[in-house]
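> Sending over a structure as structure tokens; questions will come in a sec.
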Amino acid sequence: PKVSSLRGLAQGGSWSISMELESHYHGWESAVTRVIRTPKKSQKHGRPPVGRLSTAVGIHHLLLPLTDVDECQQKLRICKSHSICINTQGSYTCQCLPGFKLNPRDPKLCTDKDECSSGEHHCHNSTICTNTVGSYVCHCRRGWVPKPGFQNKKNTTICEEVSFPTWMPPPGIKSQRLSCFFHRLQDLRGNLRSVSVQSTIQDLIQEVGDLLEGPQDLENLSQSEQQFVATNLLLGLENALGWLGKALPIGAVTFSSSAGTVLSLEVQEQGYENITLIQNQTKMLLTWDTVHESGDSGPTVVGLLSTPGVGRFLAKAPLVLDTVEQAALHETHKGVLQELYHDLLSDVISAFISNKDPQNLRHPVTFIFQHSVIPGPREKVFCVFWEHGQNGSGHWATSGCRMVGTKDNSTICQCTHLSSFAILMAHYEVQEKDSALTVISYVGLSLSLLCLLLAVLTFLFCKAIHNTSTSLHLQLSICLFLAHLLFLTAIDRTEIKVLCSIIAGALHYLYLASFTWMLLEGLHLFLTARNLMVVNYSSVNKFMKKLMFPVGYGVPAVIVTISAASWPHLYGTPTSCWLNSEKGFKWSFLGPVCSIFLVNLAFFLMTLWILKSKLSSLNSDVSTLQNTRMLTFKATAQLFILGCTWCLGILQVGPAAHVMAYLFTIINSLQGVFIFLVYCLLSQQVWEQYGKWFKGIDITKSKSEKYTLSSKTTSDACKYSAARSHIADTACH
């Protein structure tokens, strides 16, 4: 203690001494005043005591109360780095953080503890311990990868030796070249443990290059089988390379084969900058956030694979544009888009990431393609990817990819998913709308609708002409009326895709049904003419009654059902509610129509030959009769009724396409007019019924006989009189 002040006072023969003491021990402090009285016997002559106070007398007065000083608060840096200050009673200590130990030479200094060399780590025996400042990490040894569910460079990491992923050949493909390739894959799988991963990847790239450079018997496969093989190769390579790449050291590496197959790999840890992979004709750029969205803290493998030989298997695959691309084309050219033809401008490249499902990326990946061909007029470059189905076949698609820009020989694409990509140049033709053809179509179809309605009413309510023949006319008229009515009112209702598909399906069915009834008309005409000799109408009528309704409405239903079940998305186009031309889908209509046209043409020619033979046996003067002209006209009109003039639509090619388009539109839009004219207006029985309806009186038959027969042929003419009542209306001379 330190005496800060001392005062004395004499009272009644004794002295009172007042001292103020300050104590300053290490870690303690106090300030207090104490009064000490001396006994009288220690006083001499009334003088105050001189010298030191006796420790034997009043020593308890020197025991002063003390408080602790917190040195950790007063001096924040009293302990050095990697340690914390802990206050104690009258002192403090410096305690090291986990992973550090005290320096024997300096109790305030902590140094790193090497857990790996001291054996204090908890790494699994399948990993290697690497000391870090203040800690350690357990990472897989070279050629090993974390087991599923584990992350690399964690204290709990458990690894397994990298193995060649399972890669099965495409089932059902018979190819000796492909079998040899998969046999060599088995050798690579067996040798993986004895050679480095780099050597295995290089051998794999070389094998793929050799397979695609000389495919041999693969070129003899069908188009769908070739697509199956290409899909199997692309998917198998992505899986194998993404897995094997995990065992590569951090950094970039490139592999190539003598056939031109090139693989660029980048192995990175979390936190690195963005990734760019460059090849001769392709560059890929993607952000680290895109690569590492999965949250895996281990190394990530990003790959870009260029396989030039795959293009020969996928070049002829169809191109399916998304609605945005289709709308852009139609908006640009203001016309009706015709068939699309396309060529591959680039090699097929595959982009993949080892630890991420790449189908829905948050940030798009950028591809820059270099190509030698510059698009010309009515040619457009598309960024496409290979979209495959369960059976391996597929098509080029544009959904999820967009072209950012193109200039001369360079095209920039951005895609929100990773797959196999390429650049296609589409060649297309645009048929500008012809206003004259549009007017002719609408006027002709409107007139046909009116005539078909009158014909339907006539066939329904004119009982005098009810027979098998008029039943056929009635069904044909109903189908054509409904088809033309739907065509006029709904062919361009493309706003709602589902509704447009339904309209296209209904038109498909109605027009097929119309042609089927035309076929039945031709068959009935031929059977009637063939049975002239025996006037065997009963058998013909029974046969037609049993046949016509199942065939007339059943066959079109089967065709439309199969078509809709197989390709429902091909009903409707961006410009009209009709059949799409992709995958040859229009032949589900053109095929039956062309077949019916050929069959009806054969029926018509055979009917002409039969009638010519029969009429030649009649009076030679018959050719001079005025009714010959009527029969000739009816025969010509029968061509239109039986649908034979629809062949003009197939002939719309080459220089005569424009003329054929006008002939096709004029003739076939008036088909309803021909039906009403031949079967109603040129029928005497119908005219008599019309007279009864409109005049309310009976019209007596006063016309002369149509044919004046010689006495020699009277018996023959009577023999055929029943048959000619039908032939005169529907056949020809």
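A Cβ is built for glycine as well, from the same backbone N, Cα and C atoms used for every other residue.
Here TrEMBL flags 68-111, 112-151 as domain 'EGF-like'. Residues or ranges marked as domain 'GAIN-B' in TrEMBL: 253-431. The domain 'G-protein coupled receptors family 2 profile 2' feature in TrEMBL is assigned to 437-683. Per TrEMBL, the feature transmembrane segment maps to 439-462, 474-491, 503-527, 547-567, 587-611, 631-653, 659-682.
What's the neighbourhood like for these features in this structure?
According to DSSP, the domain 'EGF-like' (112-151) comprises 4 helix, 16 strand, 20 coil.
Residues of the same chain lying 6 or more positions beyond the ends of the transmembrane segment (439-462) and with a Cβ under 8 Å from any Cβ of it are 470-471, 473-474, 477-478, 480-481, 484-485, 487-488, 662, 665-666, 669-673, 675-677, 679-680, 685-686, 689.
Through the fold, the transmembrane segment (474-491) approaches residues 442, 445-446, 448-449, 452-453, 455-456, 459-460, 503, 506-507, 510-511, 513-514, 517-518, 521, 548-549, 552, 576-578, 641, 671-672, 675 of its own chain, all at least 6 residues removed from its boundaries and within a Cβ separation under 8 Å.
Within the chain carrying the transmembrane segment (659-682), a Cβ under 8 angstroms from the stretch's Cβ atoms is held by residues 434, 436-437, 440-441, 443-445, 447-452, 454-455, 458-459, 470, 473, 476-477, 480-481, 484, 630, 634, 637-638, 640-641, 643, 645-646, 648-649, 651-652, 729-730, all 6 or more beyond its ends.
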> In the same chain, who gets a Cβ under 8 Å from the transmembrane segment (547-567) while lying at least 6 residues past its ends?
468, 471-472, 475, 505, 508-509, 512-513, 516-517, 520, 583, 585, 588, 592
> Restricting attention to the domain 'GAIN-B' (253-431), give the mean pLDDT.
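Taking every residue in the domain 'GAIN-B' (253-431) and averaging pLDDT yields 80.
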> Where DSSP helix means H, G or I and strand means E or B, what are the helix, strand and coil counts for the domain 'EGF-like' (68-111)?
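Per DSSP, the residues of the domain 'EGF-like' (68-111) fall into 4 helix, 23 strand, 17 coil.
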